[in-house]
Amino acid sequence: MTDQPAQNGLIPPPTSEPSKAAASAETKPKKRICCACPDTKKLRDECIVEHGESACTKWIEAHKICLRAEGFNV
């Protein structure tokens, strides 16, 4: 007999190392936090300047939701 990886002709599955690297790459944000969600950031910042932070919770929360969707933990 020869030294085959498997007797039934199937190739064994690859090690789990590449999948771990791919999983961590998927969870890491692709942008810097300052550059993510420019639309909600602009609305949030303009509202805070004009009306104060307490009056802009809707825009602040919308920006946080957008950042979380981009992979940031805020």
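Placed from the backbone N, Cα and C atoms, the Cβ positions cover glycine too.
Annotation for Cys34 (Cu cation binding site): no spatial neighbours, criterion Cβ-Cβ under 8 Å with sequence separation of six or more. Taken from Swiss-Prot, the feature Cu cation binding site applies to Cys34, Cys35.
Listed in sequence order, the residues of the same chain lying 6 or more apart from Cys66 (disulfide bond) and placing their CB within less than 8 Å of its CB are Ala36, Cys37, Thr40. In the three-state DSSP classification, Cys66 (disulfide bond) falls within a helix. Taken from Swiss-Prot, the feature disulfide bond covers Cys37-Cys66 (among others).
Classification of Cys56 (disulfide bond) by DSSP places it within a helix. If you look up Swiss-Prot, you'll see Cys47-Cys56 (among others) marked as disulfide bond, on the strength of sequence analysis.
Per Swiss-Prot, the feature domain 'CHCH' maps to 34-74. This prediction places the mean pLDDT of the domain 'CHCH' (34-74) at 97.
As annotated by Swiss-Prot, region 'Disordered' applies to 1-30.
Residues annotated as motif 'Cx9C motif 1' in Swiss-Prot, with sequence analysis given as evidence: 37-47.
The motif 'Cx9C motif 2' feature in Swiss-Prot is assigned to 56-66; the stated evidence is sequence analysis.
Listed in sequence order, Arg44, Cys47, Ile48 are the same-chain residues six or more apart from Cys56 (disulfide bond) with CB atoms under 8 A from its CB. DSSP assigns Cys47 (disulfide bond) to a helix.
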